[in-house]
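Enquirer: Can you keep this structure in mind? I'll have questions shortly.
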Amino acid sequence: MSKITSSTLRTFKSEGKKFTALTAYDASFANAFDSEGVDVLLVGDSMGMVLQGHNDTLPVTVDDIAYHTRCVRRGVERALLIADMPFMSYATPEQTMTNATTLMQAGANMVKVEGGHWLLESVKMLTERGIPVCAHLGLTPQSVHVFGGFKIQGRDADNAQRILDEAKALEAAGAQLLVVECIPAPLAKAITEALTIPVIGIGAGADTDGQILVMHDVLGISSGYIPRFSKNYLKQTGEIRSAVRAYIDEVAQGVFPAEEHTFS
């Protein structure tokens with residue numbers, strides 16, 4: 001079983017092979033997702049909402065992410081493991097270096113940061129020091145209070161151009177992957193076509209190189225609000241591993257995301 005690396009994902013992109021990602025927070029679920037063939041696992045700060053019961057991701061700490069990264073690492077043999085850098089853990093280059101090191105030592109293969117031009121120095125610094133970076137644009141949940149809620153981004157021409165420009169700049173700074181969240185499908189397609197690095201979408205249409213969902217949404221166990229872009233695969237399959245397999249297959253076949261999961 002060959003391990004998935006950022007180079008593997010670049011090959012998938014060049015071959016037009018769609019890949020899948022899921023969040024994971026413990027060894028058992030991570031092992032199930034990994035063994036079924038999920039390519040990327042994210043220890044996401046989404047744990048603040050789906051595990052800890054908060055209304056947003058802001059209370060999550062580096063220690064929280066590091067603990068769950070160690071747990072997930074023990075269940076993973078094949079998938080690329082990304083750890084989220086939580087709110088205010090990368091506000092300065094010095095903080096970024098210290099906290100990214102902690103997450104890599106916990107078992108991550110890559111760290112993920114949210115933001116655009118202001119992050120370029122930190123992305124370059126991490127990359128030059130051997131820490132791979134996944135960038136995140138569009139609806140960045142750590143900025144929810146700036147946005148005034150969980151709202152679609154990039155619908156007007158100026159913001160769409162800004163997001164595209166930031167995507168190109170982050171790639172130039174050394175980012176190896178990019179997540180785009182809750183942006184119009186045409187913008188996500190333009191970004192995917194403009195970059196050589198793989199682009200992973202969530203609520204961003206079917207034209208990105210890969211798709212990511214929160215595991216609780218895929219399994220229909222989220223409490224409260226269910227995002228429009230998600231799909232409950234457990235409901236249609238009745239078994240966790242079958243649900244994961246259905247998600248992988250539908251992404252590979254271009255069935256998911258469908259129009260009802262996409263923003264115009």
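Placement of Cβ uses the backbone N, Cα and C atoms for every residue, glycine included.
From a predicted model like this one, the values you see are computed outputs, not experimental measurements.
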Enquirer: Need one residue: from LYS18, LYS112, the one Swiss-Prot lists with ASP45, SER46, ASP84 for 3-methyl-2-oxobutanoate.
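Expert: Checking LYS18, LYS112 against Swiss-Prot: the 3-methyl-2-oxobutanoate site match is LYS112.
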Enquirer: On a simple 10 Å Cβ count over all chains shown, which one of the recorded positions ASP45, ASP84, GLU114, GLU181 is most densely packed?
Expert: ASP84
Enquirer: Radius 10 Å, atoms counted are CB only; among the binding-site residues SER46, LYS112, which position scores highest?
Expert: LYS112
Enquirer: Whole-number Å only: compute the distance from the Cα of GLU181 (active site, proton acceptor) to the Cα of LYS112 (3-methyl-2-oxobutanoate binding site).
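Expert: That comes out at 13 Å between the alpha carbons.
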